[in-house]
Amino acid sequence: MQANGAGGGQQQQPPPPSSQGPELGCLNAQNGEASSGSSAGEQLAHANGLLPSATNSSGGGGGGPSVNNGVSAPGGSAVEMGGGSGVGIGGSALKKKKRLSQSDEDVIRLIGQHLHGLGLNQTVDLLMQESGCRLEHPSATKFRNHVMEGEWDKAENDLNELKPLVHSPHAIVRMKFLLLQQKYLEYLEDGKVLEALQVLRCELTPLKYNTERIHILSGYLMCSHAEDLRAKAEWEGKGTTSRSKLLDKLQTYLPPSVMLPPRRLQNLLRQAVELQRDRCLYHNTKLDNNLDSVSLLIDHVCSRKQFPCYTQQILTEHCNEVWFCKFSNDGTKLATGSKDTTVIIWQVDPDTHQLKLLKTLEGHAYGVSYIAWSPDDNYLVACGPDDCSELWLWNVQTGELRTKMSQSHEDSLTSVAWNPDGKRFVTGGQRGQFYQCDLDGNLLDSWEGVRVQCLWCLSDGKTVLASDTHQRIRGYNFEDLTDRNIVQEDHPIMSFTISKNGRLALLNVATQGVHLWDLQDRVLVRKYQGVTQGFYTIHSCFGGHNEDFIASGSEVQVDAVIPVISVNDDKRSNDHKVYIWHKRSELPIAELTGHTRTVNCVSWNPQISSMMASASDDGTVRIWGPAPFVDNQDIEEECSSMDS
């Protein structure tokens, strides 16, 4: 039998049995002789067809014979070894050991740590032996074992050995404090009060570290039983669990070259999965961070077909322009307000995500341009356009009008926001009115001379944000009657909304489009491109899982009243789309078509991340969702196209 086409024409006789041990067999192989001591490792090498090269033991250079798959190296002759089929047990020794790179060593150590955590200790030993790597420093291994066995005196001695390997001189003190704290608590749990007191007085206190914690530890001496101690100390008790947690804390003070951080490979994989999700433009679902819930064999890619880019339903019950739409806080209802003087409440089917008409609230003489749900969704406030001086407060459950408020016929009440307590709301308009009222419409407070464009109550229950005619957003405190400037734009702020955490503000700015502001740092974060925004009031929104997305309507330019922003007039004249951006990207990830006139408002369902509604001057409300009849094959095809 010929190997790799070498040695053809010569029949090799099998070597006689050898009584030499494997060491001598390896030595003979290194001297260019075939070892007779065949082992499992040799058979494996033969099966793989591997023919390692042998270097001259004298190291003299080009004069000695060299084996390279049965082909002679320059300056030497081919050496046939056992019929050219391979080498013996010392085959790996024939090949000069390749020096591992630092990254290779790191990967081997990470794999070893993971296998060790699975209990595959023999596999770890073999891996370390074959690679020549070391999972951790020998002193760290002793330290680990002594901590897990509760041999605290030995663990303290190990710290002295580790001291030269620790970068920070204070780290050893902190580590010793943690060790002694565990020792102290275990003595107390075992009822060894005198020993525990000795540790506290003679070992912990002389460290002169974290005296506040020492005072707390001393208080545990008064615990009457072990359960009381564990509860007050928030400690799992003596055993593997608490010692493992202690070891995790101790490892943070040691360099990774000495002892790897706990579960390092799992943490790296989890970070990689999270990073892929963050970079996925269409990721819109809440996934478990547990690695068992994802596949590590493929990259994470969400299909656009799973994103709310497709019309699921068109609501046509309004008979005029629809100016506003808003989902309830629990996501079960949608309220739409129209120029036709009605508010329609729609019920969301939790299974099919289809909407059906629930109630029609009538009598808003000027039309409905703004709607706000109470925090508990029991009430709904409706406002009208600029010439409307009235405000309607409806009981959503009964459909009855609870309050119709009007302070003066000269008022303009165009915006409203609920206080988080659900017992008060603020309202105002561009004629200088700014009121705080109760559920019966009684005036509680007022702020004079503020021409309000849009309102929002912060979660602190004290601060109200208001955009005004001075192209700014200011914060007003009704308790101490103070105000401060928060956002300043160069153009009129037509509307704004605030993220759930109160950190970000999304502004629709006249002739500029959609801007994202950081309210804490008071800086402009991003300007989103693509949308057509003139001097009409368009309401954008945050939405999707974790509010990672932004959606906004867009105007239709029909004449020269609205200043031209783009040179592409043809595109602008047809622009009546819904735009969606990922919060971190200025360019839209989706442009939804279907409306035929200006899209005044977009609302994302706060509980169903794949549902969105848009209201338009074309008299319709569109419900957007994933593509119908999406199957796995479609998703895989789209993922493949995205990868390519």
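Note that Cβ sites are derived from N, Cα and C of the backbone, with glycine treated the same way.
The compositional bias 'Gly residues' annotation in TrEMBL covers 1-10.
Here TrEMBL flags 1-84 as region 'Disordered'.
Summarising the annotation, TrEMBL assigns compositional bias 'Low complexity' to 28-43 (among others).
The compositional bias 'Low complexity' annotation in TrEMBL covers 66-80 (among others).
Marked as domain 'CTLH' by TrEMBL: 136-195.
Mapped onto DSSP classes, the repeat 'WD' (315-349) shows 0 helix, 19 strand, 16 coil. TrEMBL lists 315-349 (among others) with the feature repeat 'WD'.
Per TrEMBL, repeat 'WD' is recorded for 361-392 (among others). Break the repeat 'WD' (361-392) down by DSSP state and the numbers are 0 helix, 12 strand, 20 coil.
Taken together, the residues of the repeat 'WD' (592-624) have an average pLDDT of 95. According to TrEMBL, the feature repeat 'WD' maps to 592-624 (among others).
Residues 284-286, 306-316, 318-327, 329-332, 334, 336, 338, 348, 353, 355, 536-545, 549, 551-556, 576-580 of the same chain sit 6 or more residues outside the repeat 'WD' (592-624) yet have a Cβ under 8 Å from a Cβ within it. Listed by sequence, the residues of this chain that lie at least six past the ends of the repeat 'WD' (315-349) yet keep a Cβ under 8 A from its Cβ atoms are 355-373, 375-377, 380, 382, 385, 394, 396, 399, 539, 597, 600-608, 611, 613-623.
Counting same-chain residues at least six beyond the ends of the repeat 'WD' (361-392), those with a Cβ under 8 angstroms from any Cβ of the stretch are 320, 323-326, 328-330, 332-333, 335-345, 399, 401-418, 420-422, 425, 427, 429-430, 439, 441, 537. Applying DSSP to the repeat 'WD' (592-624) sorts its residues as follows: 0 helix, 16 strand, 17 coil. Each residue in the domain 'CTLH' (136-195) gets a DSSP state, and the totals come to 50 helix, 0 strand, 10 coil.
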